[in-house]
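Copied over from TrEMBL:
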{"type": "COMPBIAS", "residues": "A:1-14", "note": "compositional bias 'Polar residues'"}
{"type": "COMPBIAS", "residues": "A:19-30", "note": "compositional bias 'Basic and acidic residues'"}
{"type": "DOMAIN", "residues": "A:35-598", "note": "domain 'Cytochrome oxidase subunit I profile'"}
{"type": "REGION", "residues": "A:1-30", "note": "region 'Disordered'"}
{"type": "TRANSMEM", "residues": "A:52-74", "note": "transmembrane segment"}
{"type": "TRANSMEM", "residues": "A:101-126", "note": "transmembrane segment"}
{"type": "TRANSMEM", "residues": "A:147-166", "note": "transmembrane segment"}
{"type": "TRANSMEM", "residues": "A:197-217", "note": "transmembrane segment"}
{"type": "TRANSMEM", "residues": "A:237-263", "note": "transmembrane segment"}
{"type": "TRANSMEM", "residues": "A:305-322", "note": "transmembrane segment"}
{"type": "TRANSMEM", "residues": "A:329-349", "note": "transmembrane segment"}
{"type": "TRANSMEM", "residues": "A:361-386", "note": "transmembrane segment"}
{"type": "TRANSMEM", "residues": "A:398-420", "note": "transmembrane segment"}
{"type": "TRANSMEM", "residues": "A:432-458", "note": "transmembrane segment"}
{"type": "TRANSMEM", "residues": "A:470-489", "note": "transmembrane segment"}
{"type": "TRANSMEM", "residues": "A:519-540", "note": "transmembrane segment"}
Amino acid sequence: MSNEATLHSHQQEATHGAVAHDHGNGHEHHHEDSFISKYVFSMDHKMIAKQFLITGIIWAVIGAGFSVLFRLQLAFPDATFPFLESLLGHWAKGGHISAEAYYALVTMHGTILVFFVLTAGLSGTFSNLLIPLQVGARDMASPFMNMLSYWFFFLASLVMTASLFVQTGPASGGWTSYPPLSALGDASIGSKIGMDLWLTSMALFVVSQLLGGLNYISTILNMRTKGMSMTKMPLTIWAFFFTAILGVLSFPVLLSGFILLLFDRHAGTSFYLSDLFVAGKVLSNEGGSAILYQHLFWFLGHPEVYIIILPAMGMVSEVLAVSSRKPIFGYLAMVGSLFAIAILAFLVWAHHMFVTGLNPFLGAFFVLLTLLIAVPSAIKVFNWLTTIWKGSIRFTPASLFSIGFVSTFISGGLTGIWLGNSSIDIHLHDTYFVIAHFHIVMGVSAFFGMFAGIYHWYPKLYGRYLNGTLGYIHFWITLVGAYLIFWPMHYEGMAGMPRRYYDYSNWESFKQFVELNKFISIVVFTVFATQLLFVFNFFYSIFKGRKLTTTNPWDATTLEWTTPIRPGHGNWPGEIPEVHRWAYDYSKDGKDFIPQTVPIGPDESKH
Amino acid sequence: MDTAVTAKKKWWSGGYSPFNVSYGKLMMWYFLMSDAFTFGALLISYGTIRFMSTSWPDPNEVFRSFPGMGEAHMPLVFVSLMTFILIMSSVTMVLAVHAGHMRDRKAVVKWMAWTIVGGIAFLSCQAWEWTHLFHEGAWWGRNPFSNINGTVASTNFTNFFFTITGFHGLHVTSGVVLNIVILANVLKGTYEERGHYEMIEKVGLYWHFVDLVWVFVFTCFYLL
Ligand code: HEM
Ligand SMILES: [Cu+2]
């Protein structure tokens, strides 16, 4: 590929292991790509994006598949399914999932989807793909570290996969892994080697996030093309920027928490342990605090939910503007609210801990700060709605998923306000209401953002389109299904149905929900099958999808569409284009759209 | 940046780094911020547990020994020496960076070598202190020292001490390794060829950071 030759000099320097470089004293040389360097240990950000995406898709199928299995248990607690025994062996003796297996499935479902799919698969994919393309850079600041970032994620994946196959099973104390359960191997079989593998995998994952995040930040700050001032950047880039900062500052705290947990598990320390009985025996641990872990965990945990949602917000902003052929409404307010969310994200973590015995006086401050997040969130929602208001919307699958995102973000955000009030949370904490809240606002919304991104940028990834009809089917079933699954859970939660129970049919108070649980599960199976349809569409279209004939299929203004249909390593065959305007000149002065590379005309109106 | 820098340059409008630093240095700064959070989390955890406890061992009693001085009561003398060594190694690092700016290769070699010596000396001191405490019966999960008010202490005093100073020691160790690699490159002439000694600045940033963290660790464990 001749484009390869235009690769900027920093590429080579980074390959040679050095970090420092000067722009401009380039020594370009041709090199043939082997299969390994092109598809496996690739340093091209576009290939790394695909690696993140496909790994993410595989994890998504596994993680969602786990939810199918445990929803089977919740819907039919008394039935037996012989196929489960062939699948899970002694974990489902006689075709009935054991309690231990149920907890392991729930834990792995949460861990995989939160970290591996919605963090690595979402932000990893699109930060990698879009940052260099949209700021006008040949690649990431350090392509080598970028490659490492993927391979640390891969290692984390391997370790997590291995944990699924150890004899005592994977971690099973919930995705939050609270001690003392997670600290004491004798407390449950899921707290044995599975827990160590979980911690190891997560530590590798943190390394991957840091390598990626440092790269994203320095690329956005340092590598913007001429004319691309910060306020000319598309909102996607702003979103990835804040996401990376959140990650770089919060994941280390999680790592510290894990280090202490590992010592508690293996070195006889009592950081998190005090006054414990296990199996009737008194433990000697004194002086630790289990709540300390929760503080450390949620100091990451809350920013983490925004690490998941910000990239989705960015992509939705972009897709909504493109598909309604209108400039984004309130660009600076959008940036400002991203900023406000990023700051507040660090100041609200204790809203997950209202019922831990947290001082109510302290709790009051966390209530206030938590409810404050509603302000920037509402600004964003308002701006999305005004952006599509009276637009001539092109209802592509990407734009439908973006609109779906706005809908679910509203529904889920509203229930957040309930939970953010500590007095209401005393009743709702650890019930299905919380499950409903965060699945709608985070799970479904982030997936919608991700789908919007995939449908929209698939042509850039593979030079082909995804099948539109399958896309519409995918959207409508997923949207309706998601509401049918999670809406009823609010009622279950308000009725006091706790989360993380193996079998509700033993409780008189929850018998009323037997049929509802069945209904939810059946919708789950349908929605899961629909996602498989999408996965099929994804892989089929790589080879058989309709080919792109134009470089700019959506008539968008941003830089990625000024590259060739299948850009080589280095993105632009010639010079990197210069940028003259913001990314949202749609329907301006009688023109449908004006790309960022077009200079401002003499009698152009202001936006 | 080899573009001429004029007063009217619009730093943020793309095409060059807004802070006029290479991406490598920028990454180092952000990495240090993130590492500060790692240490911050550990130290705050320590503080939390300590304030939850009714009493705590007295550092003047625990850290009272000096190599070769037997039972002499010399509170905090040894750790002061360690701290002095580490701070001196920061000074030599500053001199190395300065020599790098002057592109004075000989001086870079000299000051980097001293920095490495300082780092290794610090680590050796730490090794002695750990061994000494170990022989007194202290380790993760074991605490022979009683509280200042005479009651039996929980093990968290030693737990945190070994975890946090160990984590810091790991940072110093990787700093020493980095410094050695860079020194080797200086000797090979890598940076002479490259035309600048920015790598020294980057490891310098890291080294100063590790020193700074020690000041906090020192304060939290030995002084308070
Ligand atoms: C107005 C905005 C929001 C408010 C006030 C809010 C408030 C809360 C509160 C108070 C809880 C704790 C409930 C409990 O455990 O008792 C919670 C849980 C949660 N929220 Fe939100 N939230 C908001 C938006 C979001 C967003 C945007 C996301 C993700 C993108 C999110 C993700 C989560 C998750 C994952 C949990 C549950 C974690 C768990 O316990 O496993 N929330 N939310
Ligand atoms: Cu939260």
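Heads up, the Cβ atoms here are built off N, Cα and C, so glycines get one too.
The list of residues near the transmembrane segment (A:147-166) in space but at least 6 beyond its ends in sequence, with Cβ under 8 angstroms from a Cβ of it, reads 41-43, 48, 51-52, 55, 59, 108, 111-112, 116, 120, 124, 193-194, 197-198, 200-202, 204-205, 207-209, 211-212, 215.
Taking Cβ pairs closer than 8 Å, the transmembrane segment (A:101-126) reaches residues 49-50, 52-53, 55-57, 59-60, 62-64, 66-67, 69-70, 73, 88, 91-92, 149-150, 153, 156-157, 160, 164, 169-177, 188, 190, 194, 198, 202, 205, 208-209, 212, 236, 240, 243, 247, 304, 307-308, 311-312, 315, 442-443, 446-447, 449-450, 453, 457, 500, 502 in its own chain, all 6 or more past its ends. For the transmembrane segment (A:361-386), same-chain residues at least 6 beyond its ends with a Cβ under 8 Å from one of its own Cβ atoms are 313, 316-317, 320, 328-330, 333-334, 336-338, 340-341, 344-345, 347-351, 354, 406, 409-410, 413, 416-417, 420-422.
Here the domain 'Cytochrome oxidase subunit I profile' (A:35-598) has a mean pLDDT of 94 out of 100.
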